[in-house]
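Written below as structure tokens is the structure these notes are about.
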Amino acid sequence: MRSVDRSGLPKLPVPPLQQTCEHYLAALTPIVDPEELNHTRKLLEEFQKPGGVGERLQKGLEQRAKKMENWLSDWWLQTAYLDYRMPVVVHSSPGVVLPRMEFSDRQGQMRYAAKLIAGVLDFKSMIDNETLPVEYLGAKPLCMNQYYKVLSSCRIPGTKRDTVVNYTLDKRPPTHITVVHNFQFFVLDVYNSDATPLTVDQIYIQLEKIWNSSLQTNKEPIGILTSNHRNSWGKAYNNLIKDKTNKESVRAIQKSIFTVCLDAPIPRVSDDMYRTRAGVQMLHGGGSRWNSGNRWFDKTLQFIIGEDGTCGLIYEHAPAEGPPIVSLIDHVVEYMKKSEMVRTPMVPLRMPQKLRFHITPEIKKDIEEAKQNMNIMVHDLDMKVSVFSHFGKDFPKSQKMSPDAFIQMALQLAIYKRCCPTYESASLRMFRLGRTDTIRSTTIDSDKFVKAMDDPAKHNTEKVALLDKAVKAHRAYTDMAIRGQAIDRHLLGLKLQAIEDLAALPEIFMDTSYAVVLHFNLSTSQVPAKTNCVMCFGPVVPDGYGVCYNPMDTHINFAVSAFNSCQDTNAARLAQALEDALLDIKTLLEQTPKAKL
């Protein structure tokens, strides 16, 4: 696999300084009090003075943009992921819940796992041969670089910052995956000596061997170490790999193409609780008593297949966003529907190699600490995964409204008691090496609409007009963001430029408003998929919510998360409020005669 040709794509622009300052003030207007806003307005005027600090930093950024393929991507990888010291579990890595499978025993589990592995290898062949169809947004081609980052890669912990390694371009790229069962790790070669992938039958036989040689649960779940706070894990990691055997075992996991976690069944729950249960299973594994030790959370891609039919995956966020992961899932799910290959003559295959670890008393202590911390996280995560079945994309479309903007306005209405900073991710993949910027869904227009909905003095026609305006404002900001003109990454760039210049940090970054505007009580993402799945992630602040949604034609899959340690948030309550808000908006639109245009 050679690097992808990105030469045809434009470079990420640096937005004009004045434009960002204006939009920044507009973003602050609904969320900070007038006094604070006034103070910030003065600071911004100072910042923008000709020949002043802002101009100098802006020039610095423009120089950086000329020299680099993407002025933002390295900075973003470092600040958003590798410098972030909270555990990747719950705080960073998203999970995906796949539709429930109908198997309930190990044969079904392994048959499914074998087909899934074959499907991922089929996708991998398109990456290796560079035959992945380029994706488009409208008529614009998108950067495909993230697809080349998700296989054969892994995050490596450090005591101050992490790194990411990718083995795809090695002289001898990896030909094995890792399989975890009962907390024990195995190396499974998935290619024959002639470089052809193993067939589904061959993979099945190999998984059976793994299963049979790991019947007893391993007493020490070494994988749980990867769930700890990054600094603690970094220390434990350095200690772990002093031993040669441990180092080789860890390296085998890091280099593997991906990991498959064969999970033990989890206690049965009612059907309406099932999706929520599956969601937490993907995000953290249920705690040290259940499947949290059956993971290597630093691995970019881990597919999770429970003996009870609970399936999905979790991915480490540093190398990629949701959409590439979802198209991989869509491909694999389609692939698995195909009838089985012709059975191949059975060549005896080598026994998959079990990875050994020497557990010293010190490592045992680190494992105990990680277990305790994991169980605290498990108890603290409040989650609700639900299906809104009254309508899907079809209804907003029938009203000539963007489904995403429609859902975002319903979210603003659902949380309206506290008008708060809201993050929605926008893709920058129209640009070389583009990742994301922020769509700020809380706007002056959304605020007016939400307040009007609760005002008995306002007529329906006025409410509809305000909704329409809010939806259009959201659409306009979204378009601005995907064209590289949003404010969040630009402000971050100006701040990092000041740090790089070793200059004093400009006052706008020490201002209360800046702290408020970055405290995202509502962190959201639309991750559409062909498959009837839903992605889920934790909140990004202690008193916040994480909301991810997949709008299908006639229903919407939602995952809402919060922390139990915060008195003010409750995932089920927000999920219910969101359902009510969607229905209220639909009723409003249906009861209001269309204005003659």
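The backbone N, Cα and C atoms fix where each Cβ goes, and this holds for glycine too.
The following features are taken from TrEMBL:
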{"type": "DOMAIN", "residues": "12-579", "note": "domain 'Choline/carnitine acyltransferase'"}
{"type": "ACT_SITE", "residues": "HIS317", "note": "active site, proton acceptor"}
{"type": "BINDING", "residues": "LYS393, LYS397, SER398, GLN399, LYS400, MET401, SER402, PRO403, ASP404, SER427, ARG475, GLN526", "note": "CoA binding site"}
{"type": "BINDING", "residues": "TYR423, SER425, THR436", "note": "(R)-carnitine binding site"}
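Features per TrEMBL, on structure.
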{"residue": "HIS317", "record": "active site, proton acceptor", "Cβ neighbours (10 Å)": "20"}
{"residue": "LYS393", "record": "CoA binding site", "Cβ neighbours (10 Å)": "19"}
{"residue": "SER398", "record": "CoA binding site", "Cβ neighbours (10 Å)": "10"}
{"residue": "LYS400", "record": "CoA binding site", "Cβ neighbours (10 Å)": "8"}
{"residue": "SER402", "record": "CoA binding site", "Cβ neighbours (10 Å)": "17"}
{"residue": "ASP404", "record": "CoA binding site", "Cβ neighbours (10 Å)": "22"}
{"residue": "TYR423", "record": "(R)-carnitine binding site", "Cβ neighbours (10 Å)": "23"}
{"residue": "SER425", "record": "(R)-carnitine binding site", "Cβ neighbours (10 Å)": "20"}
{"residue": "THR436", "record": "(R)-carnitine binding site", "Cβ neighbours (10 Å)": "23"}
{"residue": "ARG475", "record": "CoA binding site", "Cβ neighbours (10 Å)": "16"}
Cβ-based neighbourhood (8 Å from the centroid) of the (R)-carnitine site, residues TYR423, SER425, THR436 excluded: GLU424, ALA426, ASP437, THR438, ILE439, SER523, SER525
Rounded Cα separation (Å) that holds between LYS400 (CoA binding site) and TYR423 ((R)-carnitine binding site): 24
Alpha-carbon spacing, SER402 (CoA binding site) to the residue listed as 'active site, proton acceptor', which is rounded to whole Å: 27
Of the recorded positions listed as HIS317, TYR423, SER425, THR436, the one whose CA lies nearest the CA of LYS393 (CoA binding site): SER425
Alpha-carbon distance [SER425 ((R)-carnitine binding site); SER398 (CoA binding site)] in Å: 25
Alpha-carbon spacing, SER425 ((R)-carnitine binding site) to ASP404 (CoA binding site), which is rounded to whole Å: 12
